[in-house]
């Protein structure tokens with residue numbers, strides 16, 4: 001990569017980061033459907049045409065963020081050395097605890113499905129699957145669906161339970177499943 005290409009990529013990252021930060025600030029007081037691209041662009045310090053060079057609409061910023069977080073999540077989970085399911089759950093919620101503002105924004109704007117979509121887009125090629133943490137695609141689907149709904153319930157309740165508490169809750173769920181008669 002040439003120096004010029006490097007500067008250009010850096011400039012694109014900075015521009016996108018400015019739009020992301022501006023959108024998150026606006027979403028503290030408004031819903032996504034109330035935000036106009038002109039206002040978002042002004043808040044970010046760029047012209048509208050710059051916004052449209054990178055995105056089709058404000059939702060694309062949230063989608064891009066969800067995609068990046070999915071990649072980070074799967075990479076960090078894959079970095080765990082032979083974790084128990086409890087370790088997996090605690091690490092999972094420790095990760096999302098740091099991103100709860102983003103999750104709450106998605107929830108308030110009825111866009112929480114972006115989280116699941118981003119997982120689905122990246123799980124197959126993720127280090128988590130490559131290391132064969134899941135034995136088959138059914139197990140992968142079951143765990144992914146369960147974790148998504150557990151995360152959704154956590155966000156609905158205000159992200160108040162700690163990662164350790166979520167580990168305990170999950171242990172109780174698994175214990176209850178073992179008590180179910182076949």
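Quick reminder: no glycine exception, Cβ is built from N, Cα and C everywhere.
Note that TrEMBL annotation is computational and uncurated.
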DNA-binding region per TrEMBL, picked from 16-35, 36-55, is residues 36-55
Residues in the domain 'HTH tetR-type' (13-73) per DSSP class, helix first, strand next, coil last, are 49 helix, 0 strand, 12 coil
Across the DNA-binding region (36-55), the model's average pLDDT, rounded to a whole number, is 97
